[in-house]
Amino acid sequence: MLRLVPLAAGWLLPVGPAVPRLSPARAWPLPYSGFLPGRAAAGSAGGGWRPVLKTPKGTRDHPPAHTVLRDRLLAAVVTCFKRHGAAAIDTPVLELRETLMGKYGEEAKLIYELQDQGGELLALRYDLTVPFARYLAMNKITNMKRYHIAKVYRRDNPATTRGRYREFYQCDFDIAGQFDPMIPDAECLKIVHEILSDLQLGDFVIKVNDRRILNGIFAVCGIPESKFITTCCTVDKLDKVPWEEVRSEMVGEKGLSPEAADHIGEYVQLHGGLELIEQLLQDPKLSQNKLAKEGLGDMKLLFEYLTLFGITGKISFDLSLARGLDYYTGVIFEAVLLQQENEHVEEPVSVGSVAGGGRYDGLVGMFDPKGRKVPCVGVSIGIERIFSILEQRMKASGEKVRTTETQVLVATPHKHLLAARLKLISELWGAGIKAEMLYKKDPKLLKQLQYCEDTGIPLAAIVGEQELADGVVKLRDVATRVEVRMPVLYLLLKVLPKCSGC
């Protein structure tokens with residue numbers, strides 16, 4: 001049996017028939033996970049152990065087919081970001097704990113905190129927005145349009161079938177700087193519309209609201225300012241649970257009066273377009289609230305710009321949209337995919353959020369020593385959710401994804417021609433051609449062609465004794481089995497460089 005003998009504080013020495021003797025200098029620091037969480041190996045006479053082979057909860061490996069699909073998706077998103085003039089940045093996956101705390105409201109409990117690392121209290125980044133604000137303040141940048149694609153980490157309850165993980169990619173686009181109202185905000189919404197339209201994920205709607213409007217609603221409903229953020233977090237659950245449950249939480253957990261909760265409910269269940277904005281501007285109570293009036297004025301201006309962009313058909317002014325993060329100060333938005341379950345349903349139902357964002361004018365000032373603010377607005381594309389949808393579609397269709405970009409396989413039909421293959425493939429690589437060969441001295445031709453079919457390589461460059469004597473190569477189209485003899489130089493300069501389908 002394996003025993004772990006303590007040597008000094010925090011060190012273990014494994015002892016047992018299945019473990020070689022180790023000196024104390026090679027002992028393991030606690031905690032050690034190589035054997036402890038394992039199980040007895042089958043047929044192990046000495047009761048040896050083996051590690052449990054699985055990824056941590058809420059994470060997963062990505063095999064080559066997944067990686068290819070994800071790279072295509074990211075390329076489409078990056079193309080859109082670049083089309084709008086954004087530059088890429090990157091920031092550390094680790095941030096100081098104090099950088100992240102106090103920015104996420106009730107979601108702060110999902111931050112992965114790390115133990116003291118050499119005198120620094122650290123945490124894994126929760127999103128890309130707060131690190132961007134820290135980056136702007138630290139480098140004294142007041143004007144920037146950037147995109148950032150990287151992994152973030154949340155100690156959440158994962159729902160892997162819905163693309164919800166503890167480790168996942170975020171794709172962010174943000175505009176920082178002092179500009180005229182609603183012009184950058186409108187561009188962010190246009191970007192969301194472009195990406196979701198280009199990806200052809202199905203019908204979608206982009207919900208928009210404004211934190212100032214919500215805060216104005218809370219104020220006219222008699223909610224104290226100290227409860228605005230917690231009430232906002234409760235309203236944010238309306239896309240997941242019915243109003244009755246939200247109302248119950250407001251009264252039972254957040255301490256609001258039933259009358260105040262009912263008054264809020266009269267507002268937050270409204271959605272529409274310009275007509276609703278005009279209606280609320282005439283509301284006798286909201287029209288007297290400064291914050292709400294400012295928010296409604298900007299919302300009207302935003303819809304005017306979105307009309308010019310031609311995308312208002314996919315935009316809904318939805319007062320239930322709250323987005324629970326503390327740092328939002330103005331316009332907020334969220335894109336959801338819709339699903340028409342049957343012809344008797346009057347309105348499509350939401351099947352999941354795939355993008356979200358908003359304006360956060362005060363976040364950079366929280367990091368600046370002098371409190372100088374840099375207005376910002378941005379959007380995050382839910383790449384994991386979209387990937388899950390595309391992955392399910394790929395499985396349903398039976399589509400096979402090529403995991404390499406190899407254009408041609410160098411093959412030989414006879415024995416003792418390894419030197420010819422090595423020489424030809426070297427010439428192909430030198431010409432920038434994506435080429436492979438099998439790692440055997442004398443592989444059978446059938447096996448080489450089968451490899452092409454299995455991996456999707458479209459062409460095979462076959463070099464036999466006769467081809468060597470004639471100074472040519474036999475190029476075979478793997479799918480049609482058509483073969484053409486041609487000089488090597490012609491193959492290098494004319495044929496393979498134009499192989500667009502390769």
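Each residue, glycine too, has its Cβ placed from N, Cα and C.
Heads up, TrEMBL stuff is auto-annotated, nobody curated it.
Noted in TrEMBL for the protein shown:
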type    : residues                                                               : note
BINDING : Asp127, Leu128, Thr129, Arg154, Gln170, Asp174, Arg323, Tyr327, Tyr328 : L-histidine binding site
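For Thr129 (L-histidine binding site), the Cβ neighbour count at a 10 Å cut-off comes to 26, with all displayed protein chains included. Among the residues the record lists as binding L-histidine, namely Asp127, Leu128, Thr129, Arg154, Gln170, Asp174, Arg323, Tyr327, Tyr328, the two farthest apart have Cα atoms separated by 21 Å. Counting only same-chain residues at least 6 apart in sequence, those with a Cβ under 8 Å from the Cβ of Asp127 (L-histidine binding site) are Tyr104, Val152, Gln170, Asp172, Ser380.
The Cβ of Tyr328 (L-histidine binding site) lies under 8 Å from the Cβ of Arg211, Gly358, Arg359, Tyr360, each of these being in the same chain and 6 or more residues away along the sequence. Taking the Cβ of Arg323 (L-histidine binding site) as centre and 10 Å as the limit, one finds 21 other Cβ atoms among all the protein chains shown. The Cβ neighbour count for Gln170 (L-histidine binding site), using a 10 Å radius over every protein chain in view, is 19.
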